[in-house]
Amino acid sequence: MLNRVFLDKNIKFEIYRKFFHVSTLIFLLFYKVNFWIGIAFSLFFIFVYLILEIFRIMKINLFFLKGISEIILESREVSSCKVSFSPIFLVMSIFYTYFFISEPFSYIGIFSACIGDGLASLLGKMIPSFKLVNDKTFSGSVVVFLVSFIVFYYFFPNFVLASIVGIGAVLVELFDFKKYDNLFLSLGVATLSFVLNEYSL
């Protein structure tokens, strides 16, 4: 497996991409410090990212832009002439999940999206397993389930409810829209967690 990690170019770029995916948890920290600080950093990120994407499409190679462009093109199925909105959708999902869903349910959804979905495709490529639907792998779905289960169980130690949340996270991740996957997982898991906790006996 280690040879695959270091020698497989697709896995290498997937690691770069998923490092960003997990690191977006920093936005949750900004919101915790101050809501408006979180908003400011989110808008700043979106602005900078769009500028970099425009430069990439126009083939304007600034000092560090070439490496970023290579990661974007190699790690995602995106046309070299189109803007990829996936990172923006992830930052947006952190905002509306934190804003609309109360704590700690918002945390459950955000951690499930940033860590669970973040590691799912990476481990799905590293660990051989069969594919389910929408090109999602069984091993990746197991990761999504485990992360959602663990995070929910941390706040609410109920094995049955945590299992339901984990299964719900897997279903959302399996059947979401490919181009908009980062928009729905955090809010879906957070909402399910809230409903289960609110109406469970």
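Don't overthink the numbers, they just go from 1 along the chain as shown.
Quick reminder: no glycine exception, Cβ is built from N, Cα and C everywhere.
The transmembrane segment annotation in TrEMBL covers 15-31, 37-58, 79-99, 105-123, 143-171, 183-200.
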Top Cβ-contact partner of the transmembrane segment (183-200) among 37-58, 79-99, 105-123, 143-171 (pairs under 8 Å)
105-123
Among the recorded stretches 37-58, 105-123, 143-171, which has the greatest number of Cβ pairs closer than 8 Å to the transmembrane segment (79-99)?
37-58
Beyond a gap of at least 6 residues from its ends, the CB atoms lying under 8 Å from the transmembrane segment (143-171) belong to 104, 107-108, 111-112, 115-117, 119-120, 123-124, 185, 188-189, 192-193, 196-197, 200
